[in-house]
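Annotation comment: TrEMBL describes 1-21 as signal peptide. The feature region 'Disordered' is assigned by TrEMBL to 22-52. Look at TrEMBL and you will find 23-32 tagged as compositional bias 'Basic residues'. Sequence annotations record features per position, and here TrEMBL assigns compositional bias 'Pro residues' to 33-52. The domain 'LRRNT' annotation in TrEMBL covers 59-93.
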Amino acid sequence: MKGVAKLIFPLILVLVCEVNGQRRPRPPKKRPTPAPFEPVEPTELPPPLPPGPPSVFPDCPRECYCPPDFPSALYCDSRNLRKVPLIPPRIHYAYLQNNFIDKLSEESFKNATELKWINLDNNRIGTVDSRVLEKLESLVFLYMEKNHLKEVPPNLPPNLEQLRLSRNRINRIPDNAFNKLDHLLLLDLHRNELNDADFKKNTFRGLKNLMQLNLAHNRLHKMPPSVPKAVHQLFLDENQIDNIPNNYFKDFSHLAFLRLSYNKLSDKGLPKNSFNLTNLLVLHLAHNNLTSIPYISQTLEHLYLNDNSIEKINGTQICPISLMTFQEPSSDLQNVPRLRYLRLDGNHLKPPIPLDLMMCFRLLQSVVF
């Protein structure tokens with residue numbers, strides 16, 4: 001019995017000490033020291049892709065991907081690159097978008113003189129060496145949207161067909177920048193910082209075959225001079241343009257799409273026959289200061305006049321042909337105006353739609369009033 005008591009007594013003592021908080025605490029375990037925090041560069045880009053397995057092409061840069069079934073292409077996009085890798089001579093298509101490249105040096109495309117397509121969108125390019133592009137005589141497409149460029153790159157290759165420089169900070173176009181670009185079909189400079197002083201009479205000299213010119217969302221107050229007469233599409237929306245010179249579009253025999261929305265155009269700054277163009281199909285004049293519908297051509301199909309200050313419509317005055325033509329019912333619609341879509345909402349108009357308007361534009365399929 002005494003032996004059992006000797007065993008129970010120390011156990012009771014231990015329990016009492018734990019209840020009263022008298023148990024001796026154990027020393028805390030040492031935690032490993034965390035590695036120093038490396039700040040991540042702020043970016044909207046996706047995380048870099050890890051290097052893939054060795055390529056079947058021994059000359060493929062380790063940080064890029066060379067698809068076996070597309071031997072002339074090099075994919076280096078979205079890999080946090082700071083400079084252009086060494087591009088093999090066999091490459092015709094280089095995809096370098098979504099990186100941190102801030103400069104094109106003379107060495108950038110040293111071995112890749114047969115390049116036809118370069119995509120450098122969404123980088124940080126602010127400097128382009130004066131000789132880096134002129135050696136790329138086979139280059140047809142150059143994409144440099146959303147960079148930090150302050151001027152149009154110099155010495156552009158002569159065989160370019162598309163030059164996309166939107167969403168930069170361009171406020172200067174060097175003299176003779178486009179002089180040798182006889183093959184250029186598309187020039188996109190929208191969302192830059194260009195103003196009237198950047199466009200001179202010879203700025204577009206050499207662009208004999210240009211089909212699309214995009215100068216939207218810049219700082220223009222006037223229509224740019226000497227726009228190539230071959231253009232099919234001219235985009236000037238979201239500027240500060242308040243008038244169109246008389247006969248400005250006189251020789252634009254191919255112009256089919258014209259955008260002038262979000263400007264400051266008024267009736268006073270709009271000569272009567274400004275848009276009486278034979279091939280014009282789509283005309284955007286929304287968000288201006290117009291109080292009446294301008295005269296349009298018989299071939300126009302889409303007209304956007306929403307969000308102006310138009311108070312009344314005289315269908316007889318704006319009709320491209322005499323309403324006397326419609327006095328007798330006829331099934332022949334070959335010679336009637338071709339307007340199919342008309343948008344007039346956001347003005348000071350009240351229903352109903354004038355009868356003479358509907359009498360003139362008999363092919364109208366939709367009127368937003």
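Each residue, glycine too, has its Cβ placed from N, Cα and C.
Whatever TrEMBL says is automated annotation, not expert-curated.
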The domain 'LRRNT' (59-93) - residue tally per DSSP class, helix then strand then coil: 0 helix, 5 strand, 30 coil
Mean of the pLDDT scores, which run from 0 to 100, over the domain 'LRRNT' (59-93): 94
